[in-house]
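Asks: Take a look at this one; I'll ask things after.
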Amino acid sequence: MEEQFILRVPPSVAERIERLLNENTSSSADGSLDISFSEDGRAGTFMIGNESFPASLLDLPCIVESYKTYDDNVLIKTADVGQMIMVREEEGDTAIEGVEYKHGLTPPMRDARRRRFRREPDLNPEVVQRVEKDLLNIMSGGTVENVEIAAREAGGQGRKNALVPAAKPDEMPVKITGGGEPERSDSDDSES
């Protein structure tokens with residue numbers, strides 16, 4: 001089982017890490033890499049050699065899949081990555097607000113949370129609880145309580161009438177006599 005994470009570093013630190021990975025560790029002045037986090041688990045320190053940089057653990061706006069290949073032909077999924085460690089150049093650099101990085105990893109995902117995902121609706125918790133209680137009552141064979149109150153909140157008094165089925169108008173009975181034509185009353189003649 002592999003564990004993967006994304007480490008985003010400034011260009012100068014990236015060059016030092018690449019040099020460290022490509023060279024023999026005994027000949028390099030930047031002999032070690034280390035990262036440690038404080039108790040909150042979000043703020044930390046990234047160390048390369050004797051130099052330290054501030055780091056933050058941030059949630060990505062969406063899950064990123066990681067793949068591996070052995071033959072440049074078949075891709076094998078190895079992990080789902082949902083967080084990123086962002087290293088800043090100096091303490092004075094502005095830290096990311098909150099725990100979520102609002103941009104994705106690539107330019108098309110810039111400001112992804114606002115542009116690509118549906119917003120959560122603003123729901124009153126009391127209304128949600130009342131509707132949930134009513135649904136549970138209906139499922140258990142009971143009736144809906146507070147129908148008039150819900151109808152007034154939804155759109156006024158006219159809405160209340162829509163909840164009650166309208167009665168059908170009375171139909172006049174029609175008698176058929178031996179001649180095949182229906183027998184009509186005097187009131188039927190006045191309508192035509």
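The backbone N, Cα and C atoms fix where each Cβ goes, glycine too.
Okay, so TrEMBL annotates it like this:
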COMPBIAS  181-192  compositional bias 'Basic and acidic residues'
DOMAIN    1-148  domain 'TAFII55 protein conserved region'
REGION    154-192  region 'Disordered'
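Tell me about the surroundings of these features in the structure.
Replies: According to DSSP, the domain 'TAFII55 protein conserved region' (1-148) comprises 37 helix, 47 strand, 64 coil.
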Asks: The domain 'TAFII55 protein conserved region' (1-148): mean pLDDT?
Replies: 83
